Amino acid sequence: MTAILPFTSHQRGSWPRPLLVLVIARAVNQLGAFAMSFLTVTLVDTYGASLATAGQVVAIFGLATIPSRLIGGRLADHLGRKQTIMIGLCGCAIGLLIIAGSSGIAGAAVGAVLLGLFFEIYEPPSQALLAELVPARRRPQAFGLLGAALATAAVAAGALAALLGSLGLRWLFVADAATCLGSAALVLAWVRAPRPVPRQARPGGSPWRDRRLLIMLAVCTGFALTWTIGVTALPLTVAARGFDPSRTGWLLAVGALVTIGGQRLLRRADARPFTLMAIGLALVATGFVVYATASDYPLLAVGAATVAFGQVFLLGPPYAVAAGLADNSSRAGYLAVFGTGWGIAQTVGPIAATRLLTAGVTVMWLSASAVCLAVALLLPLAARGVLGRRPRDTPQISGN
């Protein structure tokens, strides 16, 4: 736990121990999460798929993540946070091992679909638990802490990706499966399940009827689309510039270091979340322009650092806003609906990236930059729709 504490020393008070254990477990899982950045290039280089076919397989994976997250939210609010996290992590490990052990594109596609169906199950329960362990004013920092821990793990993950990728891209998925199981073991051993939360009647019933949540879903879909396009296109861009795709791992490590260093900027983020999101999107757009013009590896690293700096402001604030729209009894369901934006983006993003890449690397990155700026320009309207009325906060810190 000492590796996490330096990132929290500037905050008032210490973090609850259950929160730190949960963050560490997620960081362990992140050690292998780099594999998904290589899914498209693995399908092309290892399994012989065309660029279009690879994009379709990754899009199907993304489509499968939409029901995955909704199932995770429902299970978390009814079955329990800890149990749902375990189901999601173990299911991901199975899907990853199928991808790694497949002999052709068909088997890899089956593994990708199975992985997608479990990929987001653990997100709503872990996010809801994170939000419930701290008061509302500390939620942006708590989600930022999670982002910093994931980035810390990503530093090692980037180096690991570069090393394992040189042995064969299949090993990336084996390593990811191992970290899923390691994370599940930590959750099983150290994360205590919270006391059952009594169900409360909420005006409007379904989260889908909450207009504020739907606005946040649109915001999430916008920035997640740019994120997914970047994840899909970066290894292919590295290859197009004449470098081994495994060298993407070092770019991911550079970005992770920037993410860690930027966490202090989230102090008092609860007072201006939409302003920070707009700044983040503008920075990501700038980084994408750097990618579009980069012809050597150092300039690609500059682009990676710029994109990561912008993404600092897209980690904590949006999730804190979404978490604050619900009470404890329905928070996981709210976060599941909010997170379906990632499933939509993971469906559309790979197809958009691979189609745009056929027109050239420069066209692809400039188009993605334009999407970032468009979303940023719409954020003032979103802020008025969401922040016009705030729910009464009901943090539940005891019993965890």
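Cβ atoms here come from the backbone N, Cα and C positions, even for glycine.
Residues or ranges marked as domain 'Major facilitator superfamily (MFS) profile' by TrEMBL: 18-386. For 19-41, 47-71, 83-99, 105-122, 143-165, 171-192, 213-236, 248-266, 273-294, 300-322, 334-357, 363-383, the entry in TrEMBL reads transmembrane segment.
Where the transmembrane segment (105-122) meets the stretches 19-41, 143-165, 171-192, 273-294, 334-357, the count of C-beta pairs under 8 angstroms peaks at 334-357.
Away from its own ends, the transmembrane segment (273-294) comes close to residues 140, 219, 223, 226, 230, 234, 237, 241, 265-266, 300, 302-314, 317-318, 320-321, 361-362, 364-366, 368-370, 372-373, 375-376, 379-380, 382-383, 386-387 of its chain (Cβ-Cβ under 8 Å, at least six residues beyond either end).
Of the ranges 19-41, 143-165, 334-357, the one with the most Cβ pairs under 8 Å to the transmembrane segment (248-266) is 143-165. Taken as a whole, the domain 'Major facilitator superfamily (MFS) profile' (18-386) shows an average pLDDT of 89 in this prediction. With a cut-off of 8 Å on Cβ pairs spaced 6 or more residues apart, the transmembrane segment (47-71) and the transmembrane segment (143-165) reach fewer than 3 such pairs and are scored as not touching. Between the transmembrane segment (213-236) and the listed ranges 19-41, 83-99, 143-165, 171-192, 334-357, the one holding the most Cβ pairs under 8 Å is 334-357. Scored by C-beta pairs under 8 angstroms, the transmembrane segment (19-41) has its highest count with 171-192, from the stretches 83-99, 143-165, 171-192, 334-357.
Against the transmembrane segment (171-192), stretch 83-99 has more CB pairs under 8 A than any other of 83-99, 143-165, 334-357.
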